[in-house]
Amino acid sequence: MRIIGIDPGLRRTGWGVIESVSGRISHVANGVCESRGEDLATRLLSLFDQLTDVVARMAPEAASVEHTFVNKDAAGTLKLGQARAVALLVPARAGLPVAEYAPNAVKKAVVGVGHAAKPQVEHMVRLQLPTATLAGPDATDALAIALCHAFHSRAGGRLEAALAAASGTGRAAR
């Protein structure tokens, strides 16, 4: 399965694409969409257009987006939420299933510790994807988000297989 991870930001939205086949994960591409324009609407449109192009070129089968966190700057949090809306809208508009993960869940999945520091996340992304040339911290975070989704999808598949085996029907009960 080809997965795009998206790390939303108003100035810089990171993206990373990985391929997960039979438990093997490989790097496809990564980069950053930098918003252009003076006003908020123009910047959001810029991110929308760039991310739409990335999704069209990379042809992912699933998307994963990081949840935003609330901080003391309410206006900044609101703007980040609007950039996150673009990050959710673009893959949904392309017909992709979109998963969302909290930052601590991403760190836990990739590093093993929910409160890992950025250098630890980068180190583990480099270990998991040794052929990747990282386009910066935002792209690194996006690859971590994609890895998190791959790990969760793999675990979900094992759970479904176990449920199917336990039910004796060959199919998971729903």
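Here the Cβ of each residue, glycine as well, is placed from N, Cα and C on the backbone.
Here is what TrEMBL records for this protein:
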| type | residues | note |
| --- | --- | --- |
| ACT_SITE | Asp7 | active site |
| ACT_SITE | Glu66 | active site |
| ACT_SITE | Asp138 | active site |
| BINDING | Asp7, Asp138 | Mg(2+) 1 binding site |
| BINDING | Glu66 | Mg(2+) 2 binding site |
- Would you mind checking how many other C-beta atoms are within 10 angstroms of the C-beta on Asp138 (active site)? 23
- Just the number: how many Å between the Cα atoms of Glu66 (active site) and Asp7 (active site)? 6
- Query: Given the active-site residues Asp7, Glu66, and counting only Cβ atoms in the protein chains shown, which has the most within 10 Å of its Cβ?
  - Reply: Asp7
- Would you mind reading off the Cα separation of Asp138 (active site) from Asp7 (active site), to the nearest angstrom? 6
